[in-house]
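Each remark here refers to the structure printed beneath this line.
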Amino acid sequence: MLQFILRRLGLVIPTFIGITLLTFAFVHMIPGDPVMIMAGERGISPERHAQLLAELGLDKPMWQQYLHYIWGVMHGDLGISMKSRIPVWEEFVPRFQATLELGVCAMIFATAVGIPVGVLAAVKRGSIFDHTAVGLALTGYSMPIFWWGMMLIMLVSVHWNLTPVSGRVSDMVFLDDSNPLTGFMLIDTAIWGEDGNFIDAVAHMILPAIVLGTIPLAVIVRMTRSSMLEVLGEDYIRTARAKGLTRMRVIIVHALRNAMLPVVTVIGLQVGTLLAGAILTETIFSWPGLGRWLIDALQRRDYPVVQGGVLLVATMIILVNLLVDLLYGVVNPRIRHKK
């Protein structure tokens, strides 16, 4: 087991270095002068322009800027935002909490709906329900997030007036932003908020969670169905049926438990999909998370924010994938003993 862990950790280091290099190169390839963007319509004198370039370290050769960036990362310094002059880490934390809360709710929705639908589709293979589930899963997987979000807003929020259009809570909800309990709005409003605040936070969460969870839901349905069909054809399932076990016991205890191994892996790998989808979802619903933060930073060429934000997001994806690999090695010894 130790060798398995060391092999996985050995892959993390070069991946991390590659991410820093690609992120740095990508950010500096974006056209536009960050100093001129900061100045806006006011303009700036050549002397002041050169002074700001020197203060931001942008007057140095690329390799020196990269080494300075790596040195800061190794010491936990991701830089300071060019716009707000606030350390990137301090800007990252509250936005990460907002995105994490949205991502967890989206994954709960996708898992709670996807696994039962996938199991039922496999059990009723060839039925109308099976064909409908597969068709909807394919549609959900290929559906543009932006279009799907706008359609739900028009139908549910505007036409039916059932949920709010944007934000995490309504303007009338008061919470002490300077001293949040957890940073997660659902928890804070449940513990600290006044009557109705929690319901308001839940109402704001519904549509973004559905939109963000649609693609993972489609993937989970397809993987659960495929894995269940494979397991239901195994000899030990036929043996369990021959022993007179009830159909429900065979499906839940014997089939589903073994079919969940690839499903768990897929769920873990959906973290990247959630973070990518969060960029569009947060833009549509004005959700103050990582997606909107990075998009705003890209538009104003805020190099430290983009580099630090992408690096932190990539690190989270790497750690989650590493955790999934380790858990899969625990539940499936053949994987960890494989050379």
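Glycine residues also receive a Cβ, built from the backbone N, Cα and C atoms like all the rest.
Bear in mind that the values here come from a model prediction, so they are computed numbers and not experimental data.
According to Swiss-Prot, the topological domain 'Periplasmic' annotation covers 1-9 (among others).
Packing against the transmembrane segment (10-30) from elsewhere in the chain are residues 62, 65-66, 69-70, 73, 298, 301, 303, 306-307, 310-311, 314-315, 318, 322: each is 6 or more residues past its ends and has a CB under 8 Å from a CB in it. Swiss-Prot lists 10-30 (among others) with the feature transmembrane segment, giving sequence analysis as the kind of evidence.
Summarising the annotation, Swiss-Prot assigns topological domain 'Cytoplasmic' to 31-102 (among others) and lists sequence analysis as the type of evidence.
Look at Swiss-Prot and you will find 96-328 tagged as domain 'ABC transmembrane type-1', backed by sequence analysis.
If you look up Swiss-Prot, you'll see 103-123 (among others) marked as transmembrane segment.
Across the topological domain 'Periplasmic' (124-135), the model assigns an average pLDDT of 95. For 124-135 (among others), the entry in Swiss-Prot reads topological domain 'Periplasmic', with the evidence type sequence analysis.
Distant neighbours of the transmembrane segment (136-156): 162-163, 165, 207-208, 210-212, 214-215, 217-219, 221-222, 277, 280-281, 284-285; these residues of the same chain sit at least 6 beyond its ends, with a Cβ under 8 Å from one of its Cβ atoms. Marked as transmembrane segment by Swiss-Prot on the basis of sequence analysis: 136-156 (among others).
If you look up Swiss-Prot, you'll see 157-171 (among others) marked as topological domain 'Cytoplasmic', on the strength of sequence analysis. Residues of the same chain lying 6 or more positions beyond the ends of the topological domain 'Cytoplasmic' (157-171) and with a Cβ under 8 Å from any Cβ of it are 98, 185, 189, 197, 200-201, 203-207, 285-288.
Here Swiss-Prot flags 172-192 (among others) as transmembrane segment, drawing on sequence analysis.
Among the features that Swiss-Prot reports, topological domain 'Periplasmic' is placed at 193-200 (among others).
Residues 101-103, 105-111, 113-115, 117-118, 121, 133-134, 136-141, 143, 145, 148-149, 152-153, 156-157, 163-164, 167-170, 173, 185-186, 189, 193, 263, 266-267, 270, 273-274, 277-278, 281-282, 284-285, 287 of the same chain lie 6 or more positions beyond the ends of the transmembrane segment (201-221) yet place their CB under 8 Å from a CB of it. Taken from Swiss-Prot, the feature transmembrane segment covers 201-221 (among others).
Here the topological domain 'Cytoplasmic' (222-259) has, by DSSP, the following mix of helix, strand and coil residues: 32 helix, 0 strand, 6 coil. If you look up Swiss-Prot, you'll see 222-259 (among others) marked as topological domain 'Cytoplasmic', on the strength of sequence analysis.
Positions annotated as transmembrane segment by Swiss-Prot: 260-280 (among others).
According to DSSP, the secondary structure content of the topological domain 'Periplasmic' (281-309) in residues is 21 helix, 0 strand, 8 coil. Positions annotated as topological domain 'Periplasmic' by Swiss-Prot: 281-309 (among others).
Here Swiss-Prot flags 310-330 (among others) as transmembrane segment.
The annotation topological domain 'Cytoplasmic' is assigned in Swiss-Prot to 331-339 (among others).
Panel annotation: around the transmembrane segment (310-330), residues 1, 4-5, 8-9, 12, 15-16, 19-20, 23, 73, 78, 92, 96, 261, 264-265, 268-269, 271-272, 275, 290, 294, 336 of the same chain, lying at least six beyond its termini, place a Cβ under 8 Å from a Cβ of the stretch.
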